[in-house]
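Student: Here's a structure for you.
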Amino acid sequence: MNRETFAAGERLVSPAYVRQGCEARHSHEHLIRLLLEKGKCPEDGWDESTLELFLHELAVMDSNNFLGNCGVGEREGRVASALVARRHYRLIHGIGRSGDISAVQPKAAGSSLLNKITNSLVLDIIKLAGVHTVANCFVVPMATGMSLTLCFLTLRHRRPKAKYIIWPRIDQKSCFKSMITAGFEPVVIENVLEGDELRTDLKAVEAKVQELGPDNVLCVHSTTSCFAPRVPDRLEELAVICANYDIPHIVNNAYGVQSSKCMHLIQQGARVGRIDAFVQSLDKNFMVPVGGAIIAGFNDTFIQEISKMYPGRASASPSLDVLITLLSLGSNGYKRLLKERK
């Protein structure tokens, strides 16, 4: 309610009581204003009343919730079930446009704002978790494997002759299929046993680059957190090899945001060599339902290229889930969870 509405209420209820309510409302609005101004995760988590006020305010900005609106286009946010509408806080339009998942929708100012602020909060948390020089990121409504595929398909336009992806072995299906689905041939590099750990065979990686020819290699596809006895790849050394041979480097960081070790390796790799993008799962790192990931990197232009590669609009559900979670926890709450996990 605005000032005029409160003034009208003073004719029905004691002005002193109305002013108390007005001040209480302003305390909620102050938190929302700070969020939009700073684009950072608040230090202390919000209560549910502030969260729901914010989400309802966003929803009424979308055209499907305009009073008296009669949509006649092909996509007007029509939903048959009231339960489905409530489940999504009536944010029905999704995010992005046909040419860019990060673009603003003319008919959905609220959903577009939700998308922008979610990406901004996630970027803030990635920096908080240890990758301080990350330039850009966005939430994508696909799990880690398909998000890696999107990165590989984007690189295809930069390296049309390349058909191989060099991949230190990890026994997990989705990251292997991410390369096959994108139409590339994985070149598997076996790990070496050092004590009771399986480590990256750097000599084998470099030898394979020389054998295949750098122009024929789409990228090196490395991994941070994995199942024992395999340990994180030697990201710093791999990043140097990629820089020396001018080969892109994509990191599967599915479990990594929650691990200070993994985030340190990514930061160091970017400092001493080359890391083009790193992909992390929303459910594994932010405790939300399966179905979303974050694609992040150190070159803003390349991350924007990836967002433009996503065809069509996208579901806002993963963005909404992580926005609610981060605003509920606050940065202090997330740091506490990182400390407990460590």
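Positions of Cβ are set from backbone N, Cα and C atoms, glycine also.
Grabbed the feature section from TrEMBL, which reads as follows:
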type	residues	note
BINDING	Arg75	pyridoxal 5'-phosphate binding site
BINDING	Arg97, Ser98, Gln105, Arg313	substrate binding site
BINDING	Arg271	tRNA binding site
MOD_RES	Lys284	N6-(pyridoxal phosphate)lysine
Student: Give me the long-range Cβ neighbours of the residue listed as 'N6-(pyridoxal phosphate)lysine': same chain, 6+ apart, Cβ under 8 Å, in sequence order.
Tutor: Ala254, Tyr255, Gln258
Student: Would you mind reading off the Cα separation of Arg313 (substrate binding site) from the residue listed as 'tRNA binding site', to the nearest angstrom?
Tutor: 34
Student: With a radius of 8 angstroms around the mean position of the C-beta atoms of Arg97, Ser98, Gln105, Arg313, what other residues of the same chain does the substrate site pick up?
Tutor: Gly94, Ile95, Gly96, Gly99, Asp100, Ala103, Gly312
Student: Select the most exposed residue of Ser98, Gln105, where exposure means the fewest other Cβ atoms within 10 Å, treating these as the binding-site residues.
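Tutor: Output over binding-site residues Ser98, Gln105: least Cβ neighbours within 10 Å is Ser98.
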Student: List, in sequence order, those binding-site residues among Arg97, Ser98, Gln105 whose Cα sits within 10 Å of the Cα of the residue listed as 'tRNA binding site'.
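Tutor: Taking Arg97, Ser98, Gln105 one by one, none has a Cα falling within 10 Å of the residue listed as 'tRNA binding site'.
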Student: For the binding-site residues Arg97, Arg271, Arg313, which one has its C-beta crowded by the most other C-beta atoms within 10 angstroms?
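Tutor: Max Cβ neighbours within 10 Å, all protein chains included: Arg313.
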